[in-house]
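K.L.:
As annotated in Swiss-Prot:
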{"type": "BINDING", "residues": "ASN14, TRP15, LYS16, GLY176, SER212, GLY233, GLY234", "note": "substrate binding site"}
{"type": "ACT_SITE", "residues": "HIS99", "note": "active site, electrophile"}
{"type": "ACT_SITE", "residues": "GLU170", "note": "active site, proton acceptor"}
Amino acid sequence: MTTAENRARLVLGNWKMHGNLAENAALLAELRAADAAAHCEMGVCVPFPYLAQTAAALQGSAIGWGAQDVSAHAKGAYTGEVAAPMLAEFGCRWVLVGHSERRTLHAESDQLVADKARAALEAGLTPVVCVGESLQEREGGNTLGVIERQLEPVLALGRDALVRMVLAYEPVWAIGTGRTASPEQAQEVHSAIRVALDGLQASQVRVLYGGSVKGANAASLFAMPDIDGGLVGGASLVAEEFLRIAAA
């Protein structure tokens, strides 16, 4: 299935810090058995310890896999960090960078997020660069200003880099809260992101929505012209719900 400008729809699951070997095995088996990727391009971003399990379970399928973070450095004395070339060795295609939980809980700066995106690209991975505003910023009328600020160092990487990325709009106030931006609210921001990319192959860059996407609201969100799929949190941990989103 394709979206506006023939951008292929993409649905990515972000497992966050959930799962165990037994639960993962059951979930991955259900996804593979359903041939979920027939509906659209799909992937799951899993905790680092489960990359080998995920790769083994999905190898040869149409479903990709990836990680939830990456170091800005290729190697070195960076205890606890995981480098992009390491992720590539596990067959990762995707890696999330700049998720709101990383920005908030680990004080990741806009520049660090861009540096991580660059490191991912250099290793042949596709970074999924997350941007979004808090409830306070939205209510203060600062949504677009915040997102433009977050995007600035990413756009500075240039057009050739940008067309190899995916962007994800995740309104912080809608993550894990049960609240969801209306399709019209989400489209407004996605359209503004597309405007910010003007001159940088804006029509080629996929922009996902990532704020409490569920089977019940996926179709209305994905019907918007500038929403190219979803970055799915909790719903990606339930095979039936994740597949419903993919089929929306």
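Cβ coordinates are placed from backbone N, Cα and C, and glycine is handled just like the others.
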K.L.:
Rounded to the nearest Å, what's the C-alpha distance separating LYS16 (substrate binding site) and the residue listed as 'active site, electrophile'? Just drop the number here, would you?
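P.N.:
With the alpha carbons as reference points, the distance is 10 Å.
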K.L.:
How far is it from HIS99 (active site, electrophile) to TRP15 (substrate binding site), counting Cα to Cα, in Å?
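P.N.:
So the Cα of TRP15 (substrate binding site) lies 13 Å away from that of HIS99 (active site, electrophile).
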K.L.:
May I ask for the distance between SER212 (substrate binding site) and GLU170 (active site, proton acceptor), taken between their Cα atoms and rounded to an integer number of Å?
P.N.:
9
K.L.:
With every protein chain in view, what's the tally of Cβ atoms within 10 Å of the Cβ of SER212 (substrate binding site), excluding that atom itself?
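P.N.:
Taking all protein chains shown, SER212 (substrate binding site) has 22 Cβ neighbours within 10 Å.
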K.L.:
What's the most sparsely packed of the recorded positions LYS16, HIS99, counting other C-beta atoms within 10 A?
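P.N.:
Counting other Cβ atoms within 10 Å of each of the recorded positions LYS16, HIS99, the minimum falls on LYS16.
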K.L.:
Tell me the Cβ neighbour count for ASN14 (substrate binding site), meaning other Cβ atoms within 10 Å of its Cβ, over all protein chains shown.
P.N.:
27
K.L.:
Cα of GLY233 (substrate binding site) to Cα of GLU170 (active site, proton acceptor): how many Å, rounded?
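P.N.:
Here the two Cα atoms are 11 Å apart.
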K.L.:
Quick one: among the binding-site residues GLY233, GLY234, which has the most Cβ atoms sitting within 10 Å of its own Cβ?
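P.N.:
Of the binding-site residues GLY233, GLY234, the highest Cβ count within 10 Å belongs to GLY233.
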K.L.:
Measure the Cβ-based neighbour count of TRP15 (substrate binding site), defined as the other Cβ atoms within 10 Å of its Cβ.
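P.N.:
Excluding its own Cβ, TRP15 (substrate binding site) sees 21 Cβ atoms within 10 Å.
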K.L.:
Restricting to the chain of the residue listed as 'active site, proton acceptor' and a gap of 6 or more, list residues whose Cβ falls under 8 Å of its Cβ, or answer none.
P.N.:
HIS99, SER100, CYS130, VAL131, GLY132, TYR209, GLY210, GLY211, LEU231
K.L.:
Taking DSSP three-state, what's GLY234 (substrate binding site) in: helix, strand or coil?
P.N.:
helix
